[in-house]
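Chemist: Please see the structure below; I have some questions.
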Amino acid sequence: MEPGRSEVEGHQRNALYLLSALCMVFMTLVVAIQPLFLRNVLNIPFETAGAVNANVQVVTEVLDLFIFAYLGYLSDRIGRVRIIVAGFLVAAVGAVIAPLSPWVGGASIGALVVYYVSRVIMSAGSGAVWPQLSALAGDFSDDSNRARLLSNTAFMMAFGVTLVYAVLMQIPGHAGITVTMLLTAAISVAGAWLARKFLVDVAPRTVETSVPWRAVWDLVKAEPRLRLAFASSLFARSDMVFVGLFLMLWFIYFADLVKVGQAEAAARAGMLIGLMGAVVMLSIPVWRSFIERFGRIQAVLLGMMLSALGFIMLGFVVNPFDGFIVFPILLVSAGQAGCFVAPQILTVDHAPKDLLGSVLGAFNVIGCLGIIFFVQIGGFLFDYIGPPAPFIFTGVGNLIISAYALRLVKSEARGVGGGNTPGDDEVA
């Protein structure tokens, strides 16, 4: 018999936290090193940089659409742990192929195709891992400790992002791009071993024989807070990709104008994004207290407003090497911490235990759609309008969700907004 939530041991929770960090190190390092690899190894020119980088991201996200939906359901059927282990191993295969793409593919077009394939493989692997880690955190929690456990998981994910940009993105300047890319394979293998050794499944198995789209749709249709959570996923998940991809692109391709080396530019961008990760990480405990005191919806509202303000302010930055850029980045960071935690807690609150994987799978599918839309449009805006344009675009999206969250807060204040969420205070 599988252990219940009360029987989950401390070392199993700690393993979940560590794996959350390792998974984000892998995913973030892959995205962060991509512009540097395409520019300096595959020699992709500035004129097409935005489109090429965005297309790579979109291809992987299209794959994730199918992975999230099916594997979320499959995890409800067979458990999360074996999917996590397999995902790490698949990701390791893609991570080995990626730096070898110039030699495997030969000519520049062939090398780019091989790199696309390697990114698809890595995305398939990581797409099998991190949603199941989030679901497992939900499995381990109950109403009394959910905000704490999911916040701790989010804290470790933010720590992984911070580690990449503050430390690991300094490696290309010393050991080279290839060594840095191969590091991702080692991280994946370590993750597979840790998951197999220490994680445990605790959720009840579903009796559904196919992906329960109808059941998920009925849940979302009936619960306004789930609608807000899903809408937040559409916009908020793309925000972190925006910062990781387009800010790095901006620094690397602006470097020639200010006579700064490419590796140095990548390191400067990495330190800035590392600062963002540090702010996200350090503010998550504050958001946890805010959520427990004021509620999930209020956290989404405030987080989206802060992010929107920061993104729009980035539109007024001309030179990314200017110190002014730090202020909007700090606003985005603080906002994203709230947007990262609160919608997931809302989703876990309202998902049946035997369908949690499926509901989170649908939640993540919506996030993929947001990334595909915003990154694709962002790449076009980067190339044809300018580097700040993608940030303004996504800032407007954040404002739209802020307006929806505010409307829901007001409707609940009038007593017509849906049932109470565990841990939420009543809005007087």
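In case you wondered, yes, glycine gets a Cβ from its N, Cα and C as well.
If you look up Swiss-Prot, you'll see 18-38, 54-74, 83-103, 104-124, 149-169, 175-195, 240-260, 271-291, 299-321, 326-348, 355-375, 377-397 marked as transmembrane segment, on the strength of sequence analysis.
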Chemist: Test the contact criterion for the transmembrane segment (240-260) and the transmembrane segment (104-124): 3 or more CB pairs under 8 Å, pairs 6 or more apart in sequence, then answer yes or no.
Modeler: no
Chemist: Decide whether the stretches the transmembrane segment (377-397) and the transmembrane segment (18-38) have at least 3 CB pairs under 8 angstroms, with pairs required to be 6 or more apart in sequence.
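Modeler: No, the stretches stay apart by this measure.
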Chemist: Six or more residues out from either end of the transmembrane segment (355-375), which same-chain residues have a Cβ under 8 Å from its Cβ atoms?
Modeler: 54, 57-58, 61-62, 64-65, 68-76, 80, 131-132, 134-135, 138-139, 203, 206, 208, 211-213, 215-216, 219-220, 229-231, 233-238, 241-242, 245, 343-344, 347-348, 390, 393-394, 397
Chemist: Six or more residues out from either end of the transmembrane segment (18-38), which same-chain residues have a Cβ under 8 Å from its Cβ atoms?
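Modeler: For the transmembrane segment (18-38), the sequence-distant neighbours (Cβ-Cβ under 8 Å, at least 6 residues beyond its ends) are 44, 49, 52-53, 56-57, 84, 88, 91, 95, 98-99, 112, 115, 119, 122, 126, 129-130, 133, 137, 153, 156-161, 163-165, 168-169, 172, 177, 180-181, 183-184, 187-188, 190-191, 194-195, 199, 241, 244-245, 248-249, 252, 262-263, 266, 270, 273.
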Chemist: Please work out which recorded stretch in 54-74, 175-195, 271-291, 299-321, 326-348 has the most C-beta pairs separated by under 8 angstroms from the transmembrane segment (149-169)?
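Modeler: Between the stretches 54-74, 175-195, 271-291, 299-321, 326-348, 271-291 has the largest tally.
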Chemist: For the transmembrane segment (271-291), give me same-chain residues lying six or more residues beyond its boundaries with a C-beta closer than 8 angstroms to one of its C-beta atoms, as numbers and ranges.
Modeler: 32, 147-148, 151, 154-155, 158-159, 161-167, 169, 243-244, 247-248, 251, 298-299, 302-303, 325-326, 329-330, 332-334, 336-338, 340-342, 345, 423
Chemist: Excluding the flanking five residues on each side, which residues at least 6 beyond the ends of the transmembrane segment (83-103) place their CB within less than 8 Å of a CB in that stretch?
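Modeler: Sequence-distant neighbours of the transmembrane segment (83-103): 19, 23, 26, 30, 37, 41-42, 71, 74-75, 111-112, 114-115, 117-129, 132-133, 136, 177-178, 181-182, 184-185, 188-189, 191-192, 195-196, 199.
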Chemist: Under an 8 Å Cβ to Cβ limit, what residues of the same chain, 6 or more beyond the ends of the transmembrane segment (175-195), are close to it?
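Modeler: Residues 15, 18-19, 22-23, 25-26, 29-30, 33, 36-37, 40-41, 81, 84-85, 88-89, 91-92, 95-96, 98-99, 122, 125, 129, 168-169.
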